[in-house]
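Below is one structure; the comments refer to it alone.
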Amino acid sequence: MTAAIRSGTNPGVLRLQNLPTRAVVRVTVAAVVLLAVLSTFLDTASRTAVNPFNFFGFFTIQCNLLAAAVLLIVAVLHLRSVAEPEWVVPVRAAVTTYMFVVGVVYNLLLAGLPGGVDLAWSNWVMHVAFPIYAVLDWLVTADRRRLSYRVLRLILIYPLVWVVVVLVRGATDGWVPYPFLDPASGYASVLLYVLLIAATCTGFGALLILASRHVAPLADLFGRVRRGRS
C-alpha cells in the first residue's frame, strides 16, 4: 500500500498555513460528532437494552466515528506542526467517501423510515451536517496532496468487508442494520443495492482522487484572489 501511495505523491512538504484555525475547527466538528454518537447510544440505552455489536455495527455509526477520529489525528498533527505521515491523506479520502455515502444513502433511502435515530439533532449531525462538512473539508483545505488512483482500492476495502459481515450476520443471527439489506426482500434486491452503493463509493472516491490531482483546493484559489487584489 505504501508503494501505491508514494506513486501518487508530489515532492515537498504539505502546506501548513492557517493551521491553528483549521485545527480548531476540525477538533470542534469531531467533538460534536462524538457527542452525537454518544447521545444516540445513551438515548437508546435509556429506552431499551443495547447490544453493542448491533449499535456499533451500523455503517453510519462506524463511519462517523472513523471520520471524527481522522479529523482529530490530523488536527493534533497540525497543532504540533508535525508533518503528516503518508497514509493520512489517502485515509482522509476514504473516510470522506464513506461520509458522502452515509449522506446519500440516508437521504435517498432511509429518511422518514421507522427505526432510525430518535434524537433529531444527532440524526442531523450524523446524516446531513457531517457528510457535508467532510466533503467541504476535502475541497476547501490546502493540506491534501496528489493521490494515485491505486488509492481507490484502499477506499473500497472497508465497505466491502462491512457488507460481508452484515450479510453473514443476517444469515446467521438475523440482524440487519438497514431494510434494503434484509434477505427477506430477496437476495437479488440486496445485491442490487450493494452494487449501487459500491458504484457510489467507487465513483465518488475516484472524483476525490481526481480533485486531488487536477483541482486546486478552494483555500488556494481564495488566497490567489486576495493576493491579486492587494
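All residue numbers here begin at 1 and follow the chain in the order shown.
In case you wondered, yes, glycine gets a Cβ from its N, Cα and C as well.
Values in this document were obtained by computation on a predicted structure and should not be read as measured data.
Residues or ranges marked as transmembrane segment by TrEMBL: 23-42 (among others). Only residues 6 or more beyond the boundaries of the transmembrane segment (23-42), in the same chain, are considered here, and those with a CB under 8 A from a CB of the stretch are 50, 55, 61, 64-65, 67-69, 71-72, 74-76, 78-79, 117-119, 121-122, 125-126, 130, 133, 137.
For 54-77 (among others), the entry in TrEMBL reads transmembrane segment.
According to TrEMBL, the feature transmembrane segment maps to 89-109 (among others). Distant neighbours of the transmembrane segment (89-109): 5, 59-60, 63-64, 66-67, 70, 74, 126-128, 130-132, 134-135, 137-138, 144-145, 147, 151, 154-155, 158-159, 178, 180, 197, 200-201, 204-205, 208-209, 212; these residues of the same chain sit at least 6 beyond its ends, with a Cβ under 8 Å from one of its Cβ atoms.
Within the same chain, residues 26, 29, 32-33, 36-37, 39-40, 43, 60-61, 64, 67, 71, 92-93, 95-96, 99-100, 102-104, 106-107, 111, 208, 211, 215, 217-218 sit at least 6 positions outside the transmembrane segment (121-139) and bring their C-beta atoms closer than 8 Å to a C-beta of that stretch. What TrEMBL records for 121-139 (among others) is transmembrane segment.
Positions annotated as transmembrane segment by TrEMBL: 151-170 (among others).
Within its own chain, the transmembrane segment (190-211) has Cβ neighbours under 8 Å at 8, 93-94, 96-98, 100-101, 104-105, 138-139, 147-149, 151-152, 155-156, 159-160, 163, 167, 180-183, counting only residues six or more beyond its boundaries. If you look up TrEMBL, you'll see 190-211 (among others) marked as transmembrane segment.
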Same chain, outside the transmembrane segment (151-170) by at least 6, Cβ under 8 Å from its Cβ: which residues? 1, 4-5, 8, 57, 59, 62, 90-91, 93-94, 97-98, 101, 176-177, 181-183, 190, 194, 197-198, 201-202, 205-206, 209
